[in-house]
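Peer 1: Provided herewith is a single structure, encoded as structure tokens, for subsequent inquiry.
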Amino acid sequence: MNTPAPAESFGARLRLDLACGLSLLTRLPVGWLLSPTQRASTALWPMGRSIWCWPLIGAAIGAVVGAVFWLLRLGHVAALPAAGLALAFQCVLTGGLHEDGLADMADGCGGATRERRLEIMRDSRIGSYGVMALGLSLLVRASAVAALPAGVAVLALAVSACLARAVLLVLPACLPPARPDGLARSLNPLPRGPLWAGLALAGVSVVALAGEMTVLVSLPAVAIALAACGLVGMAARRLLGGYTGDVLGAAAVFTECLVLAGFTALF
């Protein structure tokens, strides 16, 4: 059974969804959100139902990382070191979850067959493709953040992180799982109600964050995120026959890279 008992209140269900999202996307403690029964068994945690809050959690992560960058710049730390330290904080906050997926997918692309690619992606060791992908992704993000004024960088980090987590909802809705187990399987079938709620909240969040710059920021950012999602999705379908948790992580990082780079063209 993967849903809470019917007698559970709306507030308890909401807290459980938030706990599921936070436990997946961050390394923050979530026990304070849960009832004793929920803490006793993670089998009761509805991972698929919690997807509605993922973009909101992403926006919060990006805003906190942006605040770290802004404070460092306020303390007269140079832009590039400040960006690097802010991204290091993000990796600590998230446990490098998406970066791990990016590295695994990059390594897997070197396999000759679908089966071999999936086997490589299961290997906990990192190869040269994974190292290069991680290094380049950090370089793109750090240099993009450093190139922006501090206030705009906070906005860019929040918007890119929000859209990166929204992409985690789109790919499972468009692709089949490549494996019969793992995170991807736990999202199949994807609940349509939470899916549409999550996408709507992502859109509202981006518009709210952009404020008066909605037209300038929101439309290009969403278009870039959709393009990033489409590129990773096509690669996953062709190389793996579907998506995995690593594919989702790679898509999130790729989206952040492209959206942040896009901000440097706008500002």
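Cβ atoms are placed via backbone N, Cα and C, with glycine included.
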Peer 1: Please identify the range among 8-24, 195-211 that TrEMBL labels transmembrane segment.
Peer 2: 195-211
Peer 1: Under 8 Å for C-beta pairs, could you tell me which stretch among 51-72, 126-148, 195-211, 217-235 has the largest tally with the transmembrane segment (154-175)?
Peer 2: 51-72
Peer 1: Can you find at least 3 Cβ pairs under 8 Å between the transmembrane segment (126-148) and the transmembrane segment (217-235), where each pair is 6 or more residues apart in sequence?
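Peer 2: Judged by the Cβ rule, the two regions do not touch, with the required three close pairs absent.
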Peer 1: Are there residues at least 6 beyond the ends of the transmembrane segment (247-266) whose Cβ is under 8 Å from a Cβ of it, and what are they?
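Peer 2: 97-102, 104-106, 133, 137, 140-141, 144-145, 147-148, 152, 155-157, 159-161, 163-165, 167-168, 171-172, 178, 183-184, 216-217, 220-221, 224-225, 227-229, 231-233, 236, 240.
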